[in-house]
């Protein structure tokens, strides 16, 4: 894989809010056509990494390339779904208006929203199962429904690389299913997905690759190789419930403990 | 001529047009300040114009010109207002002061300084300063034709810029982080928004006055917000409300010789706000009271019917009165035949819900249970028939 084809490559990214770095010297290679989860404990800099990649928060150092070019040249190929809590829900805007915001960049300052744009927006709402809610004010929706609308907005952009910040946090089961279905069908179309994820138990089911971080990267690669008990232990320290580890790695218990290697004289 | 038809002079028509365009621009731009939750910054902007007006007057007189040249005064106002804005921004960003405290500090200091300068002007150049006080509360008396044209053109330009920037301003107000991912720079959009507010304030100084221009920027959008859930309609309506207030206020104030224009314009805008507050169909106070009343009524009706179905007495007087008025129970509390039928329907609905909530696969639909929603609005006829089969099976078991 040449670097020009990589959807996202990060080298030596450091971000700081004040004196101590939130993300330190992170390198990341996001493979095309795969679903990658960013995992790590609370305060590990997962969201910060995503925001720095997108230029929402400034980076102290580091390089970000998107499909081999600087971010600013590739804005149209990236779609972002923010964490749900970040907007004012009493804002005077309807569901369909929010989805159309995904078209603003393409529309520029002057072009009018036409029937074609409206039907595209409706189509995106339909994909996330929210077409019946198009005329509702966004504050009238449940948390999961709001999350789906934000996903629809990113679909309207028609991007190649999707960045999502905790898409499954605090949503109902129906929404989780709807979102994962949409993401998987995006993947089937050859698009790339990178999501901050908090639920370790669903990582093997939902994702192809993981990126484990705690301030600086701990492990990166296919789930089968990088999503190991050892890597999680190093990222989370003692904060992982042992029950969860047993559930994730049932065979690890049976395997011989990696004690000191026997001395062979 | 139109003017003669309405009994208004040519001058009044001219001034009303200018004030109307100004109100239109102020309402439209004020809407975006309101959406961005920064309406109060306009208060600092407007009060910070005063020292600039006074200094510009002094400079123009010192250079041997006419101190009352409107363009010159507006230029001075814009400069000192810009200085105020920069200080608010700096205090907010670089110190521990919040934006509210920064606004308060800048507003009062600049305004105080301006008043001192006005007093100085009064003592040194008596006679020539006439009219400078009118910048406080606005006046159309003695307004020149050229002044009115400047105001109209300035308002129209600000309005055009506002229309051009409507999408970036909306997106930055709603979701600044997402806007940044779309290649917009929220800090720059904010700056443009403030520049527009500043432009409208400076243009409006002569007509509305610096103390009250804020009202057009704030009252119009909050009044508009009552009527709609769409941001672009908020902006359009706010412009309309501002325009009507401006034009009507200018006309009314021309009817008597000493009526200041600004206060009249603000009173018209305030009247529109009051009407919106009370009468708006969904967000208005009256609509809220009615909705609450109807909700209470539905709760009591349902609870009363369920009590009837279970053969329990109804204790609450309001429930009793309600059911009696509908002919569902008699004076002695016994259900009529209509009442029995309604009670059975309510009880059946409740049993169906109960069954639905016990089915794990129906969780999303069962989540819509609130004790009031009839199950027919959630399920199809087929699904209800299925529920009923389960109910019969359960009854038989």
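Just so you know, glycine gets a Cβ as well, placed from its N, Cα and C.
Pulled from TrEMBL, these are the features on record:
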- B:12-35: transmembrane segment (TRANSMEM)
- B:47-64: transmembrane segment (TRANSMEM)
- B:70-91: transmembrane segment (TRANSMEM)
- B:103-124: transmembrane segment (TRANSMEM)
- B:144-165: transmembrane segment (TRANSMEM)
- B:234-252: transmembrane segment (TRANSMEM)
- B:264-293: transmembrane segment (TRANSMEM)
Which residues of the chain, 6 or more past the ends of the transmembrane segment (B:234-252), have a CB below 8 A from one of its CBs?
8, 12, 15-28, 30-32, 34-35, 140, 159, 162, 166, 207-208, 216, 219-221, 223-225, 227-228, 259, 261-262, 264-269, 272
Return yes if the transmembrane segment (B:103-124) and the transmembrane segment (B:47-64) have at least 3 CB pairs under 8 Å (sequence gap of 6 or more), otherwise no.
yes
Who are the long-range neighbours of the transmembrane segment (B:144-165) in its own chain, taking Cβ under 8 Å and residues 6 or more past its ends?
11, 14-15, 17-19, 21-22, 24-26, 28-29, 32, 70-71, 74, 189, 192-193, 196, 199-200, 202-204, 206-207, 235, 239
Same-chain residues at least 6 beyond the ends of the transmembrane segment (B:12-35) whose Cβ lies under 8 Å from its Cβ atoms:
2-3, 41-42, 140, 143, 145, 147-149, 151-152, 154-156, 158-159, 162-163, 166, 169-170, 173-174, 193, 196-197, 200, 203-204, 207-208, 213, 216-218, 220-222, 224-225, 231, 234-247, 249-251, 254, 261, 265, 269
